[in-house]
Structure formats: structure tokens, C-alpha cells
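Here's what Swiss-Prot has on this protein:
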type	residues	note
BINDING	C46, H67, C174	Zn(2+) 1 binding site
BINDING	C97, C100, C103, C111	Zn(2+) 2 binding site
BINDING	G199, L200, G201, G202, V203, G204, D223, K228, V292, G293, V294, R369	NAD(+) binding site
MOD_RES	S1	N-acetylserine
Amino acid sequence: STAGKVIKCKAAITWEIKKPFSIEEIEVAPPKAHEVRIKILATGICRSDDHVTAGLLTMPLPMILGHEAAGVVESTGEGVTSLKPGDKVIPLFVPQCGECMPCLKSNGNLCIRNDLGSPSGLMADGTSRFTCKGKDIHHFIGTSTFTEYTVVHETAVARIDAAAPLEKVCLIGCGFSTGYGAAVKDAKVEPGSTCAVFGLGGVGLSTIMGCKAAGASRIIGIDINKDKFAKAKELGATECINPLDCKKPIQEVLSEMTGGGVDYSFEVIGRIDTMTAALACCQDNYGTSVIVGVPPASEKITFNPMMLFTGRTWKGSVFGGWKSKESVPKLVADYMEKKINLDGLITHTLPFDKINEGFELLRTGKSIRSVLTF
């Protein structure tokens with residue numbers, strides 16, 4: 001009954017940085033050709049969303065944030081053949097068009113249809129599907145899930161198992177897949193190896209689960225919040241360190257603990273100082289360090305190139321290296337078969353209108369993953 005019509009619904013709008021989310025009534029236009037309108041039923045709160053509200057990631061405002069979600073297709077635009085109303089889906093902030101070089105390359109996944117590097121905050125035709133009080137509202141990295149309804153391109157949607165619990169599998173839209181894949185797919189952690197994970201939030205804990213699944217024998221969690229250590233050990237960390245308790249730089253401590261450096265390190269925070277520390281703590285000839293945390297937009301990194309000359313590998317990881325549209329349904333199937341643990345990451349489930357409380361839990365380190373339900 002709503003197909004082809006403008007839908008009025010609730011959304012949390014970011015009007016300006018360093019201000020709380022404002023819940024407003026918005027208008028959501030019908031999907032255009034090759035677009036899908038989705039009724040969002042659950043969305044996770046991710047640190048990347050908070051980076052925007054804090055001003056660390058520059059985005060065009062006003063904007064509807066949110067990118068880790070699950071919902072049901074409400075209607076489809078002209079030419080959409082792979083999805084139909086009623087399908088359970090996960091929106092994808094890394095699309096998969098299947099035609100560009102990263103999509104065609106077996107080791108690529110950052111489809112050129114993404115809106116990550118130089119975000120326009122608009123759909124492919126250069127317009128928005130959201131309005132509020134007569135103003136256009138920008139989209140966030142092609143997803144925008146802090147709203148009851150959103151519109152995404154069909155290349156940025158994965159259909160999933162109709163029996164999947166959306167308030168759990170929404171984490172596959174970002175946090176879990178990003179961390180788990182960084183270990184098993186991008187770093188290709190080997191059995192018996194030693195790993196260090198900097199940052200024990202939802203993505204860092206997912207990285208720990210990936211290291212464990214890959215057969216790492218020693219997994220060292222690093223965080224300045226000791227309250228996260230018990231959960232990290234529950235999910236696979238063999239030991240945890242608070243750098244504030246160390247008399248030496250953390251990279252020196254890790255090098256001494258491991259007899260010369262770890263095999264794999266993961267920076268899952270998004271800070272320049274921890275990125276260089278994670279690189280330095282790797283074994284200098286064959287260690288691999290992976291940047292998983294979103295780096296601050298305006299900062300530059302300085303390091304001694306000898307750290308790479310000796311043989312270390314330094315690489316980045318976006319969405320865990322997964323080809324999104326084909327991999328997300330498989331990860332959901334793995335959850336349904338109890339091969340992966342999402343429940344252990346979710347510490348809070350809140351109604352959507354408590355979004356500001358959810359972000360406060362994140363900022364104060366009291367949550368791992370909070371999920372908002374509609």
C-alpha cells in the first residue's frame with residue numbers, strides 16, 4: 001500500500017557535529033530505478049558513526065547516520081530483479097556491482113560504487129531520498145540506517161535467510177564482518193601464530209574471534225579499559241594488557257613478551273599513534289600489521305621506513321575483505337548454524353528513541369555493541 005508513495009517516518013538526524021541526535025519526522029521518497037526501499041528493524045551503533053558526530057570524519061550535513069542494520073524490503077524501483085518486497089536484507093556500505101575492477105579481482109572488495117573516500121552523501125543520480133522540514137538530508141555511505149525507512153542501491157543490499165533474527169545478524173552489516181574478516185581473510189592468520197589486537201570494542205573482539213577461528217595459539221588484547229578484558233578472554237584472547245600499566249612503550253612490551261614481535265597485529269581503534277605501535281610490535285622480517293580502525297580524516301602518519309624495509313607488511317582492511325553481496329548471506333548462514341558468535345558482542349538492546357543513550361554507553365566504554373530496535 002505504500003509502494004510508489006512518499007513515506008513519513010521517524011529518523012535520527014545529525015544536524016551539526018558535537019550535538020545529540022535529533023529524532024524528527026522525515027519524508028522518504030520512493031526508490032528510483034535500481035533502488036530498494038527498506039524498512040529498518042534493527043541497527044547497531046558503531047564507532048564510525050560516532051567519529052562523524054565528533055567531527056573526526058568529515059561528512060556533508062545534515063545527515064542520517066547508521067550503517068550496520070537489517071530490515072525488510074518495502075518496495076523496489078524499476079529494473080530491480082534480485083529482490084522483492086518482504087525479503088529480509090542487510091544494507092551494505094561496501095556495495096558489490098560485479099562489474100568494476102575490485103569486484104572482478106578475486107582479492108578485491110572495495111567496489112567503486114562506494115561512497116567512502118570522498119563522500120557525496122547522495123544517491124547515484126546526485127539527489128537525496130530524504131527530506132525534513134523542506135530540507136534535503138544527506139545519506140551516509142550509501143546506507144543511512146538510523147531511520148525507520150531508507151533507500152539504497154540494489155548493489156548495496158544482500159538478501160538473507162528469512163529465519164534470521166535481525167536484532168542479531170545486523171552486526172554482520174559492519175562490526176562483526178569487519179573484524180572477523182580482517183583476521184581470516186585479509187591477514188590470513190596462520191595456525192599456531194601469535195596475534196595482537198589493539199582496541200577491544202565490537203570490531204576488536206570480532207578480530208579476536210577471527211584469530212581464534214584461524215588457529216592462532218596466542219592472542220593478546222590491548223586496551224586502556226580493563227573492564228573489557230573479561231569479555232575479550234571469553235571470546236578468545238589468551239591474555240590482555242593495559243598500556244597505561246606498562247613502564248615501556250607497548251610495542252617494546254609486546255616484542256619482549258613474544259621473543260621478537262608478533263606474527264600479526266591489528267589496529268582496531270583509528271588512532272595514528274596506535275597504528276605505528278601496531279606496526280612496530282610485529283616481527284621485523286615477516287610480521288603483518290593490519291589497519292582496521294577508521295583513520296582520522298585530517299591526520300598524516302610518520303614512521304621510519306626501515307620498519308618496512310626489513311620485511312614487515314602493513315596493510316588496510318575494509319569490511320574484512322569480504323565481497324559484500326555474496327559473502328553476507330553466507331556469514332548469516334554461519335550464524336544460523338552456530339559457527340560464529342554474535343550474541344556475545346551485544347551488551348545492550350534499546351528502543352530506537354534511546355539512540356543518544358546508546359551513544360553515551362559507547363563513549364563511556366560501558367557497551368560493546370548496542371542494538372537499536374524499531
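First residue shown is number 1, and so on along the chain.
Glycine is treated like the rest: Cβ placed from N, Cα and C.
Projection of Swiss-Prot feature records onto the structure.
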| residue | record | contacts (Cβ under 8 Å, 6+ apart) |
| --- | --- | --- |
| C46 | Zn(2+) 1 binding site | H67, E68, C174, G175, G202, V203 |
| C97 | Zn(2+) 2 binding site | C103, C111, I112, R113, T155 |
| C100 | Zn(2+) 2 binding site | C111, I112, R113 |
| G199 | NAD(+) binding site | I222, D223, E267, V268, I269, T274, G293 |
| G201 | NAD(+) binding site | R47, K228, V268, I368 |
| V294 | NAD(+) binding site | R47, S48, H51, L57, G270 |
If you count the other CB atoms within 10 A of the CB of C103 (Zn(2+) 2 binding site), including all protein chains displayed, you should get 21
CA pair S1 (N-acetylserine) / V292 (NAD(+) binding site), Å rounded to integer, equals 43
Within 8 Å of the Cβ centroid of C46, H67, C174, the other same-chain residues by Cβ around the recorded Zn(2+) 1 site are G44, S48, D49, G66, E68, F93, T143, G173, G175
Apart from the site residues C97, C100, C103, C111, the 8 Å Cβ neighbourhood of the Zn(2+) 2 centroid comprises P95, Q96, G98, E99, M101, P102, L104, I112, R113, T155
